[in-house]
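Heads up, here are the entries from TrEMBL:
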- B:6-23: transmembrane segment (TRANSMEM)
- B:35-54: transmembrane segment (TRANSMEM)
- B:89-111: transmembrane segment (TRANSMEM)
- B:117-135: transmembrane segment (TRANSMEM)
- B:155-175: transmembrane segment (TRANSMEM)
- B:207-226: transmembrane segment (TRANSMEM)
- B:238-254: transmembrane segment (TRANSMEM)
- B:261-279: transmembrane segment (TRANSMEM)
- B:285-305: transmembrane segment (TRANSMEM)
Amino acid sequence: MTRMSRPVAALFSLSVAAMALAGCSEGSSTASGESGACDASDVKLVGQVRNESNPYEASWLDGGDAFAQSVGLKQERLTYDGDSTKQQEQIRQLLAGDTDCLVMNVLPNGDADTTPIVKGADQAGAYLVTQWNKPADLDPADYDRWVSHITYNGVESGQQIGDALAEAIGGEGGIIALQGVLDTAAAKDRFAGLEASLAKNPGVTLLDDQTANFSRAEALDVTKTLLTKHGDKVKGIWAANDDMALGALEALKQAGRSDVAVVGIDAVPDALTAIQDGSMTATVSSDGPWQGGIGLAIGFCAATGELDVKDLPADNRAFFAEQFLITDANVGDFATPKTDESDFECDNVFDRVAGPLS
Amino acid sequence: MSLRDAGPPIALVVIFAVFAALSPQFRSVANVQNIMDAAAVLAVVTCGITFVLMMGSIDLSAAGVMGASALAVALLVENNRNGNDLGLLGIALAVLLAAGLGALSGLALVLLKVPSFMTTLGVSAIGLGVATLMFSGVQPNISDEMLEGWATGRFLGFSGLAWIALGCVLVGWLIQRYTRLGRYAYAIGGAEEVLALSGVKVAPFKVAVFTLAGAFYGLGGVMVTSQLGAGLVQAGKGYDFAAITAAVVGGTLLTGGRGGVLHSAVGVLLITVLTNGLVQIGVSPYWQGGVQGLIVVAAVAAAVIPQRRRNQVVK
């Protein structure tokens, strides 16, 4: 090898890369074909969540499969392990392929991850539905192919379980709160909901609030510490998700306390079992299987022309979806996650709109 | 312990005394039990990582290895997913699986010459992958009474987990002090070339150290499962860096050749007391992360002052 070889090789590979990039952008700018002109059998369905090691997200993908099956298709299941870079890479690879009839139902890792996904999908002409995370100033109405953004009102769910907790302890006594990752919108909104509930229930006092970062193991340690700090004054535990609620239940068990009410959010299977056997009071469900199916259903209806994206009202483009408070009164209805095919018919896909994002 | 090593224990005593003065609940017997329970898993994991750090290598595989062993044990002892009821044998198999993953890190390091930083990160991903496969969408909850008893039963005031951790620290210390494996781990971290030149084949010892570390992580995963009553893929989340932090706070050097299991145990107690104490005295959760970081940096700084002339700690 001569001395020149390395720089020459570098230059060569750079120019190849540049050409490849140029090719890509040319390809994608011509990709957006006529809206809603796809045959049902040509549609390609993709569901993307963080990981399948989390029951909620696993049930989301199962719901996607159920919808795909109902229209005679298969869903491609993608997971990115909560790694933003990996998520973007997967999306780029998807969009580099045939995108004319591509329908994606995506859970962006964080608010900031939504923008590049939306821009990429729009440029490539793929139908996109996003859920949970979106920067406030990004609006689906500004895009042709970003059909909907679905999310849930965290203030409302935080308040619902707060009220259920207050009722369970007879409207009087001390509670402790386990917060989620403090810099997430979910943690902030849910805690704001608890504060609203406390304002409504003056007999309930918040003894302490700590973060357990949405983690079962951390919640176990924090709860044990708080139980020694406040002792018998603790009548209830408000947790910003079920994982932490389950950690708190374990701590109560180890401390030999059975007189403390516990509430969480997410309706994971273990929490539902705990509600059934009476050790937990309430949780809130966003209905994971429905979320996995509905995102694909909305995109599918847009791709096949049954929904005209341009004519959709604003509160179908970005909305809070209905969520359900689960107590021992109705836990049986949620015990086995399942989807209802009629929810996914194009006339019904917006049945669960609970209000516009504000 | 020489005077040079006295920094972390002094810091521990000072921090404990300050919290005890500020909060009557902190100095209650129940809370000391809490601290020991909370420190147990971290102590076992840190035991393992200490041997790797002593060699001057790094190990980022704890999270994945713990996840794999947590799922394995949850599926092998009595649980709600299948008919297995292997009891102690199930625990042993889970620890064995973890040791195997540790050996994989070591083998990749010495055979493929991939830096330990990369091999262990890869093995962590493998462990999480194995765990996710075993998880297959449904959380296994354990109903094995013996394993549940580790977390709930108490002997002389401390939980089974705390006693297991104590046993691990003791075993770790004996290995470090009295076996060839332990002595060579030190020597590899201090001066690997010298050891190689004097005719010692270093590679098998490196693999053995990673295997031993894997076994400790595996036991840690089993302990988390006992605490939570369920096999979680995320059982080891955060333990990789928490253990490295604890080891370093206790006075084990990242460059190898100094420190040891007892140092690391002090580091674990320091971190756990700090986490517990900040909650007990009522520091706002919004401040805790920052305050904890500050105290850790201050404690490490105080601990290494006697060694500052030895260039390696300030690099």
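Backbone N, Cα and C atoms are what each Cβ position is placed from, and that goes for glycine too.
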Counting only residues 6 or more past its boundaries, what in the same chain has a CB within less than 8 Å of a CB in the transmembrane segment (B:35-54)?
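Cβ under 8 Å, 6 or more out: 62, 66, 102, 116, 151, 158-159, 161-162, 164-165, 168-169, 172, 175-176, 182, 185-186, 188-189, 209-210, 212-217, 219-220, 223-224, 227, 236, 239-240, 242-244, 246-248, 250, 252-254, 256-261, 263-265, 267-269, 271-273, 275-276.
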Other than its close neighbours in sequence, what residues sit by the transmembrane segment (B:6-23), given a CB gap under 8 Å and a spacing of at least six beyond its ends?
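The answer is 249-251, 263, 266-267, 269-270, 273-274, 277, 280-282, 295, 299, 302-306.
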Same-chain Cβ contacts of the transmembrane segment (B:155-175) under 8 Å, 6 or more residues past its ends?
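Those are 29, 33, 36-37, 39-41, 43-44, 47, 50-51, 149, 181-182, 212, 216, 219, 223, 226-227, 260-262, 265, in sequence order.
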Under 8 angstroms, Cβ to Cβ: which one of B:89-111, B:238-254, B:285-305 has the largest number of such pairs with the transmembrane segment (B:261-279)?
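Checked against B:89-111, B:238-254, B:285-305; highest Cβ contact count belongs to B:238-254.
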If you count Cβ pairs under 8 Å, which stretch among B:89-111, B:238-254, B:285-305 touches the transmembrane segment (B:207-226) the most?
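The listed stretch sharing the most Cβ pairs with the transmembrane segment (B:207-226) is B:89-111.
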Who are the long-range neighbours of the transmembrane segment (B:285-305) in its own chain, taking Cβ under 8 Å and residues 6 or more past its ends?
7-8, 10-11, 15, 245, 248-251, 270-271, 274-275, 278-279, 313-314
Would you kindly list the residues that approach the transmembrane segment (B:89-111) from elsewhere in its chain, counting only those six or more residues past its ends and only Cβ-Cβ distances under 8 Å?
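Here the qualifying positions are 48, 57, 59, 61, 64-66, 68-70, 72-73, 76-77, 119-120, 122-123, 126-127, 144, 147, 203, 206-215, 217-219, 221-222.
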